[in-house]
Amino acid sequence: MNIHEYQAKEILHKFNVPVPKGFVATSAEGVETQINQLKSDVFVVKAQIHAGGRGKAGGVKLAKSVEEAQQFVKNMLGITLVTHQTGPSGQQVRRIYIEEGSSIKKEYYLSLVVDPKLSRLVFIFSSEGGMDIEEVAKNSPTKIVKFDIDPATGFTNLDNSKLANNFNLNSEQIERITNIAKNIYDAFITTDASQIEINPLVETNSGDFVALDAKINFDDNALYRHPEIVQLRDYDEEVKEEIEASKHGLSYIKMDGNIGCMVNGAGLAMATMDIIKYYGAEPANFLDVGGGASKETVTEAFKIILSDSNVKGILVNIFGGIMRCDIIASGIVAAAKEMSIKVPLVVRLSGTNFEEGKKILEESGLNIIAADELGDAAQKIVKEVK
């Protein structure tokens, strides 16, 4: 689950990570009164969307007066911001965050993420803050250091020698960065986060370190433990089909193609999308029904797929392991009859009880196109759609 920058800063502030003072606005009303409560001559006006690249897209403005800040708020609210992370459709700006400006001496990058190879949490630190960390890693790898955390001991300390030798930091700077890192670690563990990123972490002219921007993602599987975090969810920032899918235990991601996919298992779903592209078409979605799909689940999956007007055909690709193919076939037939599916439907069943499943499809009286192999299934649906 993602949250907005202002929400991330509120959480970090509770864990004693220094952040600039600010407030969120959903309209221009009352902005002047709230700005006057900030102790600054310069204000940063930031569009709040669940995507990076806001600055380059015009979503971050520096205001040198209260009047200029008000005007920026009026100009930003309601616009559609297009960044390299939003896709061409962009995201509408419904919230603006206004905060005190900071005097910047130096920008750093600091994040805490899960490293799947090490099965540990890893801090990533760089002297090249404010930039795309992937580009820094590619072009200047020596400017990045990583510190993995032993889960048995938890956070103890950053490797001061690495910080000192790689970035020429003095003992006071290292101590302040280490304290912030410890507080980030505490926030990460306490909230069941999956990522905390501060970019940039700035050193001010007075020698303080401040989180100028913040991003926090949470582990969806742990949200049941954190109702207070669930309340931060902004459904306006999410695709409505993905929200509906999550209600039924389905993993759904909307894409730009015209062939809907219903598959069990994330790996098989990705392979299915790949082979659709291989044969010259584009998938309309990623949809994993999981290992225990029922008739009701299959029906909801069809509804979600067909809610996309771009879908011109559907490929169902099921491997019966835990899931029995005859049960899935019955669910497909029942859902197809209930919904009167008009687009071409290709079904490939393999695994447990697949022969019984194929028989159910054949005897259904519905125009369901059967396929034995994945390649065969992909070619058939591509042919039907073109």
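Note that Cβ sites are derived from N, Cα and C of the backbone, with glycine treated the same way.
What Swiss-Prot records for this protein:
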type	residues	note
BINDING	LYS46, GLY53, ARG54, GLY55, GLU99, SER102, GLU107	ATP binding site
BINDING	ASN199, ASP213	Mg(2+) binding site
BINDING	ASN264, GLY321, ILE322, MET323	substrate binding site
DOMAIN	9-244	domain 'ATP-grasp'
Spatially, which candidate from the binding-site residues GLY53, GLY55, GLU99, GLU107 is nearest to GLY321 (substrate binding site), comparing Cα atoms?
GLY53
Measuring Cα to Cα, how many angstrom lie between MET323 (substrate binding site) and ASP213 (Mg(2+) binding site)?
45
Counting Cβ atoms within 10 Å of each candidate's own Cβ, which of the binding-site residues LYS46, ARG54 comes out highest?
LYS46
Quick one: pull the CA-CA distance for ILE322 (substrate binding site) versus GLY53 (ATP binding site), whole Å only.
43
Counting distance between Cα atoms, which of the binding-site residues ASN199, ASP213, ASN264 is nearest LYS46 (ATP binding site)?
ASP213
Hey, does DSSP put MET323 (substrate binding site) in a helix, a strand, or just coil?
coil
Near the Cβ of GLY321 (substrate binding site), how many other Cβ atoms are there if near means within 10 Å?
13
Since the record lists SER102, ASN199, ASN264 as binding-site residues, which of them has the fewest other Cβ atoms within 10 Å of its Cβ?
SER102
For GLU99 (ATP binding site), what is the tally of other C-beta atoms lying within 10 angstroms of its C-beta?
21
At a 10 Å cut-off from the C-beta of ILE322 (substrate binding site), count the other C-beta atoms across all protein chains.
11
10 Å Cβ neighbour count around MET323 (substrate binding site)?
19
Check GLU107 (ATP binding site) against DSSP and tell me helix, strand or coil, would you?
strand
